[in-house]
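Undergrad: Taken from Swiss-Prot, the feature domain 'START' applies to 1-214, supported by sequence analysis. Taken from Swiss-Prot, the feature region 'Disordered' covers 484-514, 552-576, 697-744, 833-856. If you look up Swiss-Prot, you'll see 552-566, 707-719, 726-744 marked as compositional bias 'Low complexity'. What Swiss-Prot records for 631-677 is domain 'F-box'. If you look up Swiss-Prot, you'll see 833-846 marked as compositional bias 'Polar residues'. Positions annotated as repeat 'WD 1' by Swiss-Prot: 895-934. Here Swiss-Prot flags 945-984 as repeat 'WD 2'. Swiss-Prot lists 988-1025 with the feature repeat 'WD 3'. The repeat 'WD 4' annotation in Swiss-Prot covers 1029-1073. Summarising the annotation, Swiss-Prot assigns repeat 'WD 5' to 1076-1114. The repeat 'WD 6' annotation in Swiss-Prot covers 1119-1158. Swiss-Prot lists 1218-1247 with the feature repeat 'WD 7'.
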Amino acid sequence: MQYVNGNDISSQSIHEVLELAFSTKIPWTKLEYESSEKHIIHSYSSHERGIYLSKGVAEFNISPENMYELLLDISSRSKWDFHCREAHIIEEYDHLNHIIHLNFTNPLISNLDMNLYRSCKYDPQERLFVIAMRSIELEDGDVDQFECLPNGWVIQGLRGQKDKCKMTFVQQCDLRDIELQRIPGYKSFNSKERLEDFQFLTLFPATVSGRLAKIFESIELYISNNVKDIETKDIRISIMEKAEKEVNEMFGTTNPDYGWKIYLKKLDMEILIKKTTSGYYMIGKGSFSSRYSPELLADVLYQKNPFEWDTFYDKTKLVESINSSIREVEVHYRMWRNTITMRLLQSVKKGPGNFSSVHWRSICSPNYQVADGIEVHYLPTALLNYGLGDGSFTSFLAAIEVKGYPTPWEEEMVTKMFAARIISNQNSIINHVNKLTGGSEMIRELPVIPSVQHHCGDVGSHIGTPQVYNAMVENFADILLDEGNKDGNVVSSKNKRKRNKNNENKNNNNDNIIDEEIEQEEENIEKDQQQTQQQQTQKQQQQQQQQQKTQQQPQQQQQQPQEQQQNHSQLKKEIKPTRPSIRFTYLLSNSSSGQRPIAWYESKKQPFLFLVSDSSERKGKIQRKTYYFSNSGFDNLPEEVVQIIFSNLSAINIVNLSLVCKRFKMATDSPILWKNLYKSNPLFHKKTPKRKQIIHSNLSNDENKVNSNSGDSADGSSSQEEEEQQQQNQQQNQQQNQQQQQQQTFDLSNINLNDPISLLMVFTNGIIPQNLSPTEIINVGGIVSQIDLNDLSNVETLIQQLPHQVLSLIQMNTLDAKIQHLSMISGMPATIGQESPINKNSSDNPKPNAYNKRDNNSYIPDEEFINWKSHYTEKHKQSKRWVNMEPIRITPLKGHNRAIKAVKSEGNSAITVSTEKKIKFWNLNTGQCIGDYEGESGVLSVEYDHTQKSSCIWPLSDYTKVHIGHKNGTVTMVDFIEQPIEVIHTSRPTNLADGFDFTFPGKYLIWEHTIIHYWDVETSTLLWNELNAHTKKITQSKIVAQHELSNKGIVFTTSSDKSAKVWDLTNGTCINTLVGHSYAVNCIEPIGDYMALTGSTDKTLKLWDLRQASTFISSYSTKHTGPIRCISYQEKNGIVLSGSDDGSIIAFNLDNWNLSNISVVKKPIFNNVIGNIGTTTTTTTTTTTTTTTTTSTTNNTNVPEIPKINLGTFKDSKRLHNHESAVTCIESDEAGFISGSQNGLVLRWDF
């Protein structure tokens, strides 16, 4: 099951119904016995897709608008549908989407209830209307109810005929439902009955009694008997009523979450664009304030000469006044170079309360003119004026649909003109109101775009637009929009300037950290609040003084006209020729009905989701997810809507908003908000090459299963007695496993003792209690938080106070043991048994923190219990430190005296190997050595054994067993948690070795000089070897499990012969040879699924596409002054680290890598040449980059062409010089990295 946006389901249903109604690809068959002169019935059966379709078409003597209203009105369904007993709306999401309930009956069934999700398309401009329905499963509904696939009506207006329409209805069902007689109202009386018989008996919501022709007959009968009542109301009034509803919903749904792209965003307005199949939609929405009342603004917007204030209309004409508040207007609208004639409906409302509104939208026009193939239509548009003190606050939304502009440049110009028009009309409205009130001398006119008539005289729209006028309009738009994208939408201009200045300084100092920005913003806001309070106090004092003077000197009242003139003159000087704007308007309640100013950026549409089944048996079934919604005020909005409102803000702006009031503080502390911020922040989700996650232990298990299965098949089938014995053994094993799971103790490593839920899981064996109410969760947290870690004597008493659901998860017979383990992990001395060997070796062992917690397999709490605000802040700091390569701590791990050969880390532990035959085990929390091991022969390689976790509770790592490879070919496994260190296993696959790789469980990869061996540990079998893998000594070998080139894994090798090779791990076949370096290749690292990075003595890094490895795809000349010895790729943060003989480590930041066009190709032919390859690649980097173009061909023309990889940035960020000798090895993870050098120094870098 998954949640799907209800709008997406609506669009899908409507699209499916339209496709069935108008598609010419469906081979319909006309049903002659069902059709008549008035209607035509078609059908189609597809046994391949298992679906049956039927379609009916008829014409009616009624307008399409009235037909749509008739079918939409659910209360009238029972009036024209003789088999419908009851019909009503269960839930209304908006004026186009509803859940309805229908109750039917027919001769074969006494009663049938159906719940349907109804979606509508309403387009009066094209005179096209759609009503689509499909089954929906409610909480109290029948799960096994018959599922109705998308079906419904399509209503079209006939050109040139106002009161006539064509209606098409479609329905579909699964053939399987017909065969099994699952469809209500259908019953096959005889298996030999003809297929078409069920058409008369099938019952669908769009039909009456199942007969496709019956629906036309019943509707036509109802219309003929009630035609006067149906056509009494002018349909244009209904159009405007729906336009008013749609505008309110469009405020909340025209945002990036619904597929809109922001073209321009200013402090008080924004322009959004959404592409369509035939053109695109444009929305301009925003707000402005003025000192004029809403009633006065409505008089100007709805004045006698329509749209006189709109400077983009060449001319307008009143067609008809429908009533006192709605009229039809013909306008000549200029969009850039073209004048388009269209019809609009415009309405005005005043009240209730101190409120007014003006709405308009395009309708089907008999005189509509298309200029140069370009069409422009108005979608529902409005200006809403709310009383604000003595003035008003205006919220506006302008929406148009554009078709026909063929080039991106023309689209850009039209969008620019639309944005400029929005600004020009705001100014024009203020100018017109100012003239109407006679205040033109008080305020300077705001800049507007003049109309063609005003600018060009009597040229007229029929002659064409002069080039001078086009240039003037474009220049005006450029001036108005020059700084359009630099405005903010939350902080004040003063704070914004300060923040920009601070950000510039911080960027110069590489110190742009979120906490410093937050502190600066908080200080600025506090200063602004103090200044505002001081100004208000001064104004109050001045008013009091003025009142005293007025009372003491009544004779001065005669001088008031002179004072007013002086005040007006002063006001004229202070007002600037710019558009006034405000930010927040939650100030007034305009009427008893609760109508109030609602800011343009508030979401006014209820979010609704549906559960959609992933099951193939119930493919289209959807379930309702209930959401409660209120528009009465911000305090009454549900949290879902609050999060939608705040989700578009940045972290800094959210902190600023939290300082406004207590309600905003509570809302901005929501974990959902910070969780969305975290998951949407590109800093945490860089576009870097990533590999699929591989779990090593499962690989060996799968192989064992394959081997055991093959063995069984070779031995033949087992006897019945053996099978019964196997079943008994399996049952016994299952019982034993269940008992062990009940008795085992939950792994306490890395438990957060400060988190009540995490602490509770100690007693519930790691199980998180489910089905707890929010109140119960708070109570449980309160009880668990009372546990005193310094005195655990009250644990049993507190446990008894927990709810039954939680108490049932705790086994009381193991409570004492869990308290004992809890005392150990919390740092208290153990009272039972001997002291832990870990305490002997690392007594000063602090608890893991956010910076050094490195165990990838440690306990990860459920997202519900994560403090997302702290998590976001911490991750933001860490990511910034990685980008700037500024570790919070560098810990030296001292103990070696000679060169470091290898470094491995796991959790908060690490292993280092030096040429002095010594291995050291480290506690990364403290930097202390907690164990030593010295081999008889030189140690070359080490690796943690991940096949089995440690039997002891140890907070540093889950794994304590280590594979050790020696120079004499010996492989030893030790467990360093035991003191002294215990040798578990020893084997000697070969006599000499230069290195080992223990990545693959149960397998050893060994190389010596130019030879590679691959051994099976359990059988002591040499799986394969290559005696001449390279012509010179192998410098490194590395296994990559389950690679795209081979499901079983591949092997990388590098050599002094200037090459690197890729081998198939299963059989040792050479897949690719990477040739391109001028000196020895010393190291290699996989990058993503298809690439590899090599480092060489020639001081360069080269990137290879392993599917076309005839040459490298990019080369990076580093700033190293010596040979590159080691590289490591930390894919979580997109960082490549390279170590060199010059003692430096250089970090490279990877980002903006587009790997979406990479597809899996056929397995390469193992002849060192892929074949049929042609590619050109480039990359952006601050270092010297070599761009290569390669083309090679082979005789095998069946191999498909491999797509190009689009590289991203590979930026040299910083050079670290903490090592005094050559860097020999690097091991990295998300928390930091460890580096070893030639003089034996090991450094731990924590980020």
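Cβ atoms here come from the backbone N, Cα and C positions, even for glycine.
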Undergrad: Can you break down the repeat 'WD 2' (945-984) into helix, strand and coil residue counts using DSSP?
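TA: Once the DSSP states are binned, the repeat 'WD 2' (945-984) shows 0 helix, 14 strand, 26 coil.
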Undergrad: Please count the residues of the repeat 'WD 4' (1029-1073) that DSSP assigns to helix (H, G, I), strand (E, B) and coil.
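TA: Helix, strand, coil within the repeat 'WD 4' (1029-1073): 0 helix, 25 strand, 20 coil.
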Undergrad: Any idea what the model's mean pLDDT is for the repeat 'WD 7' (1218-1247)?
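TA: 91, rounded to a whole number.
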Undergrad: Which numbers of helix, strand and coil residues does DSSP report for the repeat 'WD 6' (1119-1158)?
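TA: The breakdown for the repeat 'WD 6' (1119-1158) reads 0 helix, 21 strand, 19 coil.
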Undergrad: Can you count helix, strand and coil residues in the repeat 'WD 7' (1218-1247) using DSSP?
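TA: Per-class counts: 0 helix, 18 strand, 12 coil.
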